[in-house]
Amino acid sequence: MSLPHQIGALSGTSLTAETGGVSCEVPAKGSSATSAMWRTPMTNLKVSVQKTGNEIDRVSPSPSPPMSPMMGGGMRPDLSVACQALMEAQVEEVVEREYKVRNSSEKEKGVPVFVMMPLDSVKTDHTVNRKKAMNASLQALKSAGVEGIMMDVWWGLVERDAPGEYNWGGYAELMEMAKKHGLKVQAVMSFHQCGGNVGDSCTIPLPRWVVEEMEKDPDLAYTDQWGRRNFEYVSLGCDTLPVLKGRTPVQCYSDFMRGFRDRFENLLGDTIVEIQVGMGPAGELRYPSYPEKDGIWKFPGIGAFQCYDKYMIGSLQGAAEAFGKPEWGHTGPTDAGEYNNWPEDTNFFKKEGGGWDSQYGEFFLTWYSQMLLNHGERILQSSKAIFEDKGVKISVKIAGIHWHYGTRSHAPELTAGYYNTRNRDGYLPIAQMLARHGAVFNFTCVEMRDHEQPQDAQCAPEKLVRQVALATQEAQVPLAGENALPRYDDYAHEQILQASSLSINDQSGDREMSAFTYLRMNPDLFHPDNWRRFVAFVKKMKEGKDANKCREQVEREAEHFVHITQPLVQEAAVALMH
């Protein structure tokens, strides 16, 4: 008598075992049809997220969530646990076997998919948040063929209390969980504050001792022309000055990365395969020109230049004197409008006779964008040396600023530090800088289509992604992608598939994105319909642009995997609801 039969007979229930899509049901003596395996979930697992204080992504429980095993039929609790363990073991065995078959012959084809973890995956007490849910979710992601996960390693948590004192608790446990499930990790060195940007669902400030220094010297914070300070990230104007308890900001970032390398040396190149180096707000190489916090900026405003702290002005003065125009060094543009203006509202950004297209405009925008490039160069030089020969990629994230892209001046890109106009390619210099250090160009808004965005604001995400693809192709630097906003529909998935193929011209050849990171792991992802679409999407991405299989065949295979992994997904969904 097999173990499923024995447990079923002892418990007085029928036990359904599903392996490889074959279902067999064993009726037990004197029993009706109480099942020890989760059945079809509720028709709608959509839940509401309530965020209060520092608690985030706390999901309200369903009125009557499906439970497994069911106790109403008289199953003994100890046997219910055995049944659950048995079923999980059987599902995991099938998933692993079929996963190996799927991936044995096509390791290098297609675009590997990573999934972003919740921003608060590690709590302020240095433990893993919602550990049971995290474990179930990682197992479900692995079952779907996901390559790995992306996680923020927050400077404000790890080095929170004192300079040079690192607490990697929580992250060590999370890394081991990923390793146990066979998932790779993209680790983000998050030197920015969490809170105040699109999608931020919690608040994690910079380390306390950094904030103290910024309060003593407010010019360590990015500053706009009205004197408003931004504490999301230390101003790049003081990158090389010992303003943080005797260390420069770049030294602080380097020491942090060195500490990470030493702590996780045994996982580098195996489990940890990529280090994404944060270089600004939201971890992106840019200025904080469009801060959402306190309603300062609203989409699709042009934003504002962030060059008014004394360190940035000091640099501007030096550049103006060297250029022979010392009068240009006292301030940034004074006619560039406010955060929520549109280009034609301002003298600086207007299409006809705008200051951006003048000699002064060219001088200022060259200096402003070069300061950003120099910032990236300094941190990349350090990170490359720290992780050299460790088997990891280094990547840098660039923001997908697609609004007012159809205008001549591209104002929102200019205020963010990307000197991209109708007459000038602002992304090629960034790509060339990354190429010099062998880094990956990571870009957002890959899921968006032009017509989905407000056309009166001349949004053009598809054209922007194409421009970036061409720039990275010319610079011969790998391009990776992310979706800017959560999307679970086939329409967005198809756009990602098309964009990730990088089929842009005759020179594209077999080039594809080096990876795609999906935003984000949450209860909505595990909703049955969303999960089915996601599994099919992952398979299509892994097949690559020259896949021999037809899309219908891929979708049939996805349906099969959704079927056999149903218990894992339901466990993840319910665990995330508590």
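Backbone N, Cα and C atoms are what each Cβ position is placed from, and that goes for glycine too.
Taken from TrEMBL as is:
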ACT_SITE  Glu284  active site, proton donor
ACT_SITE  Glu482  active site, proton acceptor
BINDING   Asp152, His192, Asp200, Lys397, His402, Thr444, Asn483, Ala484, Arg520  substrate binding site
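Projection of TrEMBL feature records onto the structure.
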| residue | record | Cβ contacts under 8 Å, 6 or more apart |
| --- | --- | --- |
| Asp152 | substrate binding site | Met117, Leu119, Ser121, Val188, Ser190, Cys194, Gly283 |
| Glu284 | active site, proton donor | Gly278, Lys397, Ile398, Ala399, Thr444 |
| His402 | substrate binding site | Cys445, Met448, Gln453, Cys459, Ala460, Pro461, Leu464 |
| Glu482 | active site, proton acceptor | Met116, Lys397, Asn442, Phe443, Thr444, Val446, Phe516, Thr517, Tyr518, Leu519 |
| Asn483 | substrate binding site | Thr444, Cys445, Val446, Glu447, Ala492, Ile496, Tyr518, Leu519 |
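All protein chains considered, the CB of Arg520 (substrate binding site) has 20 other CB atoms within 10 Å.
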